[in-house]
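The annotation active site, charge relay system is assigned in Swiss-Prot to 43, 88, 184. Taken from Swiss-Prot, the feature disulfide bond applies to 7-141, 28-44, 78-236, 120-190, 152-169, 180-205. What Swiss-Prot lists as domain 'Peptidase S1' is 1-229, and the listing cites sequence analysis. Annotation source Swiss-Prot lists N-linked glycosylation site at 81, citing sequence analysis.
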């Protein structure tokens, strides 16, 4: 996160860190939505993933963090009214439930859709400088604004975004504050509700008039809840 500050240790209880297992390199963030399930971005997927829950400072090994592996991974493959931009979402079932603690607690799914103009909180261990990468040991947090989708469409002509989309657009139009590389998969929390997943942005982050794109959690609720409930057939939303 660019232009943010170190997160308060109590405001990131649901934030998880995804690593590539063999190289032990940090990949992405993710969000614990209950004891056994994590929501992140599909583009964070690797063949072998390690998930740390309850981490704050990545450089310090301490006994409060819990290590898990994906038992199952689910990708959103609905075609009707969804474009490729709307599908950057991955649901991971952990190999065993985590134990909640002082620094580990889930973030509940949203009860209503996000409202343009909302102030949203972002957080992650992504780079704090751009275009040079500087990865911090601790997660950084910042506030950005939920913008109209059309702003992102105009800002990123190279993406050729569709005229309408289920993707969220958020940032600070003056520049200086933004999610960036390796914040992917982490949460966008608007008015206290988990509304988005860090997806894509400009190569150089935090530029003026270049807000970033976030997968919209609310439009995937049925899919998420069906999978968690163990439903064999997952109906695509209309």
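Including glycine, each Cβ sits where the backbone N, Cα and C put it.
On the structure: features taken from Swiss-Prot.
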residue	record	Cβ contacts under 8 Å, 6 or more apart
28	disulfide bond	17, 18, 40, 41, 44, 182, 183, 184, 185, 186
141	disulfide bond	1, 4, 5, 6, 7, 8, 11, 12, 121, 122, 123
152	disulfide bond	161, 167, 169, 211, 212, 213
180	disulfide bond	1, 2, 126, 127, 128, 130, 201, 205, 206
236	disulfide bond	78, 79, 80, 82, 223
**Message:** Are there recorded positions among 81, 88, 120, 190 that sit within 10 Å of residue 43 (active site, charge relay system), Cα to Cα? If so, list them; otherwise say none.
**Reply:** 88
**Item:** For residue 88 (active site, charge relay system): intrachain residues, at least 6 apart, with Cβ closer than 8 Å
**Value:** 41, 42, 43, 197, 199, 200, 215
**Request:** Quick one: of 44, 78, which of the disulfide-bonded residues has the smallest count of other CB atoms within 10 A?
**Result:** 78
**Complete:** If you measure between the CA atoms of residue 120 (disulfide bond) and residue 81 (N-linked glycosylation site) and round to the nearest Å, you get 26
**Prompt:** What count of other C-beta atoms do you get within 10 angstroms of the C-beta of residue 184 (active site, charge relay system), across all chains shown?
**Reply:** 25
**Complete:** The sparsest Cβ environment within 10 Å, among the disulfide-bonded residues 7, 169, 190, is found at 7
**Asked** Rounded to an integer, what is the Cα-Cα distance in Å between residue 190 (disulfide bond) and residue 81 (N-linked glycosylation site)?
**Response** 24
**Prompt:** Once the chains shown are all counted, how many other Cβ atoms turn up within 10 Å of the Cβ of residue 120 (disulfide bond)?
**Reply:** 24
**Complete:** Within 10 A of the CB of residue 43 (active site, charge relay system), the number of other CB atoms across every chain shown is 16
**Item:** Cβ-based isolation winner (fewest other Cβ atoms within 10 Å) among the recorded positions 81, 205
**Value:** 81
**Complete:** Mean pLDDT across the domain 'Peptidase S1' (1-229) comes out at 94
